[in-house]
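What TrEMBL records for this protein:
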type: DOMAIN; residues: 19-474; note: domain 'Aldehyde dehydrogenase'
type: BINDING; residues: V27, D93; note: K(+) 1 binding site
type: ACT_SITE; residues: K161; note: active site, charge relay system
type: BINDING; residues: I243, K452, G455; note: K(+) 2 binding site
type: ACT_SITE; residues: E249; note: active site
type: ACT_SITE; residues: E249; note: active site, proton acceptor
type: ACT_SITE; residues: C283; note: active site, nucleophile
type: ACT_SITE; residues: E459; note: active site, charge relay system
Amino acid sequence: MDAQPKASHFIDGEYCEDETGALIECVFAATGEVIARLHSATPALIEKAMQSAERAQKAWAALAPVERGRVLRRVADILRERNRELSELETLDTGKPLQETLVADAASGAEALEYFAGLAATITGETVPLGNDFVYTLREPLGVCVGIGAWNYPTQIACWKAAPALACGNAMVFKPSEMTPLCALKLAEIFIEAGAPAGLFNVVQGYGDVGAALATDARTDKVSLTGSVPTGRKVYAGAAEGIRHVTMELGGKSPMIVFDDADIENAVSASINGNFYSTGQICSNGTRVFVHRDIETAFIDRLIERTKNARIGDPRDEATQLGPLISSAQRDKVRDYIAKATDEGATLAYGGAVPEGFDTGYYIEPTIFTGVNDEMTIAREEVFGPVMSILTFADEDEVIDRANDTPFGLAAGVFTRDLTRAHRVVRALEAGTCWINTYNLTPVEAPFGGMKQSGVGRENSRAAIEHYSQVKSVYVAMGDVEAPY
Ligand code: NAD
């Protein structure tokens, strides 16, 4: 597959290029090869993207909602028809194994489009009776929304933002991560093929400066970012200048709590999925695994036994279960965290090195630390790699306090056969997305997002509609207007 796109950007219904923009090299993480060369958007291209989005938004919002829904539904159908081709591109863009991208990326994007296609025609206001008078409300679009993506799920992130935004009658200008510029361009092509007006979904490439220019443009009504907390702080501050709406999907250091009555095999499966899937590059990962001290040995033995079976390999091979990290810089960062954990006294129970024979790409073994305590860097900072920390606990109140002792609040998981305890603990956890006896399932029907520094707003579900629309309240008087003089 040739990964080089026709041009860097997709604006106003067509590919466009301006080679004076800074070079963006797209590197295949499994080999280190440059597979595509693109350019960052120049101010003229940003201008074109914003102008065309403004124009398209007005026409789009004037359509009957059911017609908007029909277009989004067609996008979902095309994504499914081309799943194989889109998954292969996602694998090249991110280095994630084809085994994953075939089921988790375009497929998840299609679900978001299908879901919000169905909701489009149900977005309505309400009437409020006031005796003879009454108020009715209109739920209106915000206008032009800017989406800024992280590199771990480029197709899914673009779809999770575009689907609710467009269902509500907005347009979107999307800036993918500079690490993964390819997939969103395909989505932009598909929007046109499905009948969306030119300019409704534009893709502009660029580094942080392009993201900042979009987020602070006077025509931008909303910014939705998926990225790290430090970037979130900057984007939120930039949006505040113009009192713009925001959705912030940021990082995490989520706890997974395994009580002594848990089904150990299920808890081990969830800790594997919640730490090693996508080579650990998932925001909601349960990277602090709190295991009750009475089952610690059984849990760790089984976890290591199963982790040994992980098939590391070329992500283009469908048998591969664990691919590389996104970049050499990310691998360096992960290795630094591994070294620091050892220095600070954690026990390296498994992995920790570059797997043998995989030194050309950005591979790292699935890594398990035991004997981790709450103060260690590995238990406090987001690693964004396949590194699991096992901490032990003795009782429920203690583990709740320790689980909440973090500025993050993205996700949490509880494993127990005692359902009363499961609900009680979940109520006490400061996390936007929680799971009982499973981990990292994010169906489009359920709200997804973070508390505390992990974010603002929610993606997916009906909740996303609130974040891509605004309410207009209309008072209707049926009688005369009284005035004091
Ligand atoms: P990042 O914060 O480095 O970059 C995210 C995006 O922001 C990129 O497109 C980048 O170009 C852009 N950006 C950087 N500086 C900017 C600025 N000043 N103004 C505007 N845009 C700017 O994040 P990353 O390294 O690409 O992704 C990893 C992070 O994303 C992790 O922290 C992870 O937890 C988080 N993440 C969160 C979710 C979620 O849904 N909560 C999902 C995936 C990833």
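Quick reminder: no glycine exception, Cβ is built from N, Cα and C everywhere.
All features noted in TrEMBL, drawn onto the structure.
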residue	record	DSSP class
V27	K(+) 1 binding site	strand
D93	K(+) 1 binding site	helix
K161	active site, charge relay system	helix
I243	K(+) 2 binding site	coil
E249	active site	strand
C283	active site, nucleophile	coil
K452	K(+) 2 binding site	helix
E459	active site, charge relay system	strand
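Residues E249, C283, taken from the recorded positions V27, E249, C283, K452, E459, are distinguished by a CB atom under 6 angstroms from ligand 1.
Within the set of recorded positions (D93, E249, E459), the lowest number of other Cβ atoms found within 10 Å of a Cβ is recorded at E459. Rounded to a whole number, the C-alpha distance linking K161 (active site, charge relay system) with E459 (active site, charge relay system) is 7 angstrom. Taking every protein chain shown into account, V27, I243, C283 are the recorded positions, and of these the Cβ with the most other Cβ atoms within 10 Å belongs to C283.
In this view, G455 (K(+) 2 binding site) is surrounded by 28 other Cβ atoms within 10 Å of its Cβ, with every protein chain counted. Counting only residues at least six positions away in the same chain, the Cβ atoms of T406, P407, F408, G409, E430 sit under 8 Å from the Cβ of K452 (K(+) 2 binding site). In the predicted model, residues of the domain 'Aldehyde dehydrogenase' (19-474) average a pLDDT of 98.
Here is what falls inside 10 Å of the CA of E249 (active site) among the recorded positions V27, D93, I243, C283, G455, E459: C283, G455, E459.
Other C-beta atoms found within 10 angstroms of the C-beta of K161 (active site, charge relay system) number 28, with every protein chain shown included. With respect to V27 (K(+) 1 binding site), the closest of these recorded positions in Cα terms is C283, chosen from I243, C283, G455, E459. If you compare Cα positions, C283 (active site, nucleophile) sits closest to G455 out of the recorded positions D93, I243, G455, E459.
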